[in-house]
Amino acid sequence: MRSGLSLRDVVVRYGSVAAVDGVSLDVPTGSVVALLGPSGCGKSSLLRAVAGLEPVEGTVAWDGISVAGVPVHRRGFGLMFQDGQLFAHRSVGGNVSYGLPARSAVRVAELLELVGLAGYESRAVATLSGGERQRVALARALAPAPRLLLLDEPLSALDRALRERLAVDLRAALVATGTTAVFVTHDQDEAFAVADRVAVMASGKLLQVDAPADLWSRPASREVASFLGYEAFVPLDSPAAAPLREAIGARPSPATLALAEGAFVVGRSGVAKGTVRGVSSRRGRSEVRVDVDGIGVVTALGPVGGRWAAGDVVELAVDPDALAVLDD
Amino acid sequence: MTVTLDRPDAAPSAGASGRSRVVAFWVVAVAVPLVFLGLFFAWPVVEMIAKGFVVDGHLDLGGFADVFSRPRTWRIIGLTLAQASLGTLLSVALGVPGAYVLYRHTFRGRTLLRAFVTVPFVLPTVVVGVAFRSLLVSGGPLGFLQLDGTFAAIVAALVFFNYAVVVRAVGGLWERLDPRAEQAARALGASPWRAFRTVTLPALTPAIASAASLTFLYCATAFGTVLVLGGLQFGTIETEIWVQTTQFLDLRAAAVLSVVQLVVVAGALAVAARARSTRERALALTLPDASVRPLRLRRPAGMPAGDGHALTLVATTVTAVVVLLLALPLVNLVVRSLRTDAGWGLDHYTALGTTGGALTVTVWQATLNSLRVALDATVIALVVGGLVALVVSRRPRRAIGRRAVVGLDALFMLPLGVSAVTVGFGFLLSMHHPFGLPVDLRTSPVLVPIAQAVVAVPLVVRTVLPVLRAIDPRLREAAATLGAAPGRVLRTVDLSIATRSLGLAVGFAFAASLGEFGATSFLARPDRPTLPVVIFRLIGRPGPESYGMALAASVVLALLTAGIVALCERLRAPGAGGEW
């Protein structure tokens with residue numbers, strides 16, 4: 001018997017359109033899996049189907065027992081929405097205690113402390129900031145100790161700094177409570193920060209399921225690689241790929257080499273040359289769009305304070321961590 | 001932190017029994033209103049109409065040809081449409097500036113003013129009629145206009161009555177309309193007037209259309225007001241049904257006219273439903289705080305000329321005049337009720353403790369009677385209307401279910417416009433040995449509250465339904481994933497949120513029932529008349545004493561109704577208004 005959640009050939013249809021098209025996935029007890037994909041890929045539909053909010057074909061099982069006949073409120077699967085969906089007519093404490101038996105003030109206090117909102121019990125929901133609302137929503141979802149917590153883009157509505165901070169807090173809260181969770185997001189950084197394993201989804205199908213580091217270094221296909229942020233693809237045996245091959249110690253083969261942003265680094269000396277097309281800056285570091293012969297326009301990283309103009313020819317070094325060989 | 005997973009394994013059988021309870025609940029929720037309306041609305045109406053078309057057990061549609069060949073019929077239909085159209089047009093023309101001033105601006109006394117313009121809407125129609133007559137009769141403050149018993153007087157009374165419908169519906173949307181769309185238009189070079197015409201007005205159109213069709217409905221089916229003001233010369237289809245039934249005993253003509261009215265009403269309701277569905281489509285809405293500005297009569301410093309201040313001034317002036325005109329009949333009613341032969345005094349109010357020589361009970365007894373009946377009617381209307389709103393607010397997954405919901409919605413709106421006179425008279429016909437049972441329900445005191453509840457149900461539905469529809473379905477899903485069974489979701493989400501609009505629903509139902517006259521005039525037993533029935537009887541009698549008593553009784557009825565609505569409105573949370 002498998003422990004935790006197992007999905008087999010799950011299909012979710014809206015009318016004649018299959019939003020989820022034959023997905024099989026296992027989420028062992030205590031682990032956190034992120035469902036990563038572009039908007040409209042069916043990841044939220046899959047989540048809602050697991051929660052029991054959409055009719056589903058195929059098997060959704062917990063500890064090997066199908067939950068097909070079990071209504072939403074008996075599944076013991078919690079769900080946290082993108083916009084929280086807090087009950088505006090209840091206080092913060094009233095929201096958190098919703099899924100708890102009566103007189104669980106101590107537990108409410110514990111949960112609010114866990115999400116960093118100790119003492120917020122009697123506050124009105126309308127007085128909370130966006131980040132505080134999501135923290136309350138998380139505390140509320142964790143309160144009944146769901147055997148599985150489903151999180152539907154819980155951080156997407158927040159601004160970036162807050163999102164990055166909350167992603168860390170979220171991971172900490174899930175680990176602290178030992179909660180099994182499925183986390184839906186379209187942001188790969190978020191997925192990598194929160195999840196033990198990441199499942200990449202597109203057009204209703206799962207493309208690859210792996211630990212974050214493995215996913216990054218060995219994307220299963222060009223589609224997965226593009227979604228993770230790999231921006232250029234060259235055959236491993238092409239002449240332009242020679243300096244890259246050297247950097248990772250690969251031999252020429254018909255396989256494809258994928259280059260992420262920063263595969264090239266602008267420096268005084270290098271192994272390749274590129275023509276500058278444009279420059280932008282992110283967090284102080286320069287990002288230089290360079291045109292490399294035989295590869296195309298890619299984003300190279302430059303040192304802080306570097307100055308280039310369009311048309312300059314620059315020397316490029318290679319960062320092997322931003323390169324991946326695709327199997328197909 | 002310890003996490004306990006103390007959860008009984010979810011057995012499918014437990015789910016199944018839960019599901020059958022859910023199904024049972026919804027069956028009851030659909031069946032109760034259907035049976036109620038079938039028994040106390042459809043059946044009496046059908047019975048009444050059948051009386052006109054079934055002769056000796058055969059269907060005879062000859063009544064149509066006969067009634068339509070009478071010039072009187074065409075005159076009445078023409079009058080009905082003319083006064084309803086004019087009344088609607090004027091209500092909208094005055095109500096839109098009113099909505100702008102009362103909902104898009106803040107000023108001292110705004111809450112009071114908003115409450116004040118609502119007063120005419122909840123006033124019993126008979127009171128509105130009496131108030132206008134006392135204003136327009138020769139010797140009254142506006143007697144020199146010689147408008148008593150004219151078409152213009154009727155239209156004025158209808159506008160008086162329906163102004164609030166437009167102001168509340170349009171204002172409710174306008175105050176939440178995101179002002180940035182209009183600001184974008186201004187930044188693109190549009191003048192304030194052009195920005196209003198091309199951006200704001202189209203956004204408001206659904207609310208305006210919805211309010212206009214409701215106003216049309218109220219005007220076209222006006223009964224008490226028109227009966228009091230129109231005399232024999234003017235009337236609506238509704239008063240004509242009453243005249244044909246009670247004066248000429250011509251049931252065939254009454255039946256034909258009921259059908260005609262049904263067609264008019266169905267048309268207006270169809271327009272209203274269309275307007276509503278457009279309205280429930282997503283508009284860029286915001287919180288009222290973001291769009292509301294203080295009202296300034298002088299152009300604020302730093303605001304250039306031509307920046308829309310003139311528009312605000314025009315709207316403010318129009319609204320100020322309207323408010324004065326609204327106050328005039330009410331103030332006059334109170335003043336006249338205090339005037340006696342010997343000058344001023346409370347003589348007419350003292351006389352309310354007597355039968356005035358003509359009534360079967362004292363006016364105070366009739367008042368008590370009205371309150372009791374209204375209480376019963378309100379409870380019935382809340383139960384039935386609440387269930388209807390709950391059922392109709394659902395969005396079933398399957399297309400057939402969605403269509404059924406739309407059908408139910410339309411069905412339960414029908415009592416809003418179907419002739420109350422037809423309902424009342426139909427009660428008399430159908431409750432005589434109902435289903436062949438050897439009981440005569442016509443003498444039963446429960447008939448009056450039931451008939452009034454039939455009239456009040458649509459008001460409850462229209463107040464509660466928008467609030468229920470506005471609940472994000474994911475809120476219910478969130479509750480379910482937290483382990484709440486369907487019953488608990490209903491209680492803690494739907495009911496908790498709808499309760500905030502319930503106060504207003506209670507107020508409207510109570511007001512509608514207190515002032516109901518069309519059906520009650522048939523059903524009230526002689527020894528237990530309601531207040532509107534007594535007032536109508538009093539103004540029908542010659543003599544200044546009876547008239548004075550009618551005025552005093554009207555003031556009492558007006559104060560009661562307005563007081564109860566004001567009380568109920570205080571109980572509701574801000575912004576939980578629904579459509580009114």
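In case you wondered, yes, glycine gets a Cβ from its N, Cα and C as well.
It should be emphasised that the depicted structure is a prediction, and the values quoted were computed from it without experimental measurement.
Straight from TrEMBL, the features:
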type     : residues  : note
TRANSMEM : B:23-43   : transmembrane segment
TRANSMEM : B:76-103  : transmembrane segment
DOMAIN   : B:77-270  : domain 'ABC transmembrane type-1'
TRANSMEM : B:115-137 : transmembrane segment
TRANSMEM : B:149-170 : transmembrane segment
TRANSMEM : B:207-232 : transmembrane segment
TRANSMEM : B:252-273 : transmembrane segment
TRANSMEM : B:308-331 : transmembrane segment
DOMAIN   : B:367-568 : domain 'ABC transmembrane type-1'
TRANSMEM : B:373-392 : transmembrane segment
TRANSMEM : B:404-429 : transmembrane segment
TRANSMEM : B:449-468 : transmembrane segment
TRANSMEM : B:501-524 : transmembrane segment
TRANSMEM : B:547-568 : transmembrane segment
Find the member of B:76-103, B:308-331, B:373-392, B:404-429, B:547-568 that has more C-beta pairs under 8 Å to the transmembrane segment (B:207-232) than any other listed stretch.
B:76-103
Please tell me whether the transmembrane segment (B:115-137) and the transmembrane segment (B:404-429) touch - that is, whether there are at least 3 C-beta pairs under 8 Å between them, with each pair 6 or more apart in sequence.
no
For the transmembrane segment (B:449-468), distant same-chain residues with Cβ under 8 A (at least six beyond the ends):
33, 37, 40-41, 373-374, 376-378, 380-382, 384-386, 388-390, 392-393, 412-413, 415-416, 420, 423-424, 427, 494, 497-498, 500-502, 504-505, 508-509, 512-513, 516, 518-520, 523, 576, 578-580
So are the transmembrane segment (B:23-43) and the transmembrane segment (B:149-170) touching or not, going by 3+ C-beta pairs under 8 A with a sequence gap of 6 or more?
no
Output the single range from B:149-170, B:373-392, B:404-429, B:501-524 maximising the number of Cβ pairs under 8 Å to the transmembrane segment (B:76-103).
B:149-170
When only pairs 6 or more apart in sequence are counted, do the transmembrane segment (B:373-392) and the transmembrane segment (B:501-524) reach 3 or more Cβ pairs under 8 Å?
yes
Close approaches to the transmembrane segment (B:252-273) from elsewhere in its chain (Cβ under 8 angstroms; 6 or more beyond its ends):
45, 48-53, 63-64, 66-68, 70, 73, 76-77, 80-81, 209-210, 213-214, 216-217, 220-221, 237-238, 240-241, 244-245, 409-410, 413-414, 416-419, 422, 425
Determine which residues of the chain contact the transmembrane segment (B:547-568) at the Cβ level, with the cut-off under 8 Å and only residues 6 or more beyond its ends counted.
115, 118-119, 122-124, 126-127, 130-131, 134, 330, 333-334, 336-337, 339-340, 347-349, 351-352, 356, 363, 366-367, 370-371, 503-504, 506-508, 510-511, 514-515, 531-532, 534-535, 538-539
Within the same chain, where does the transmembrane segment (B:501-524) have neighbours whose Cβ lies under 8 angstroms from its own Cβ atoms, ignoring anything closer than 6 residues to its ends? I mean 6 or more beyond.
122-127, 223-224, 238, 242, 370-371, 373-375, 377-378, 381-382, 385-386, 419-421, 423-425, 427-428, 447-449, 451-456, 459-460, 463-464, 467, 530-533, 536, 557, 560-561, 564-572, 576-578, 580
Any residues 6+ beyond the ends of the transmembrane segment (B:149-170) with a Cβ under 8 Å from its own?
79, 82-84, 86-88, 90-92, 94-96, 98-99, 102-103, 117-121, 123, 125, 128-129, 132, 136, 204, 207-208, 210-212, 214-215, 218-219, 222, 225-226, 229-231, 233-234, 322, 325-326, 329, 577, 579-580
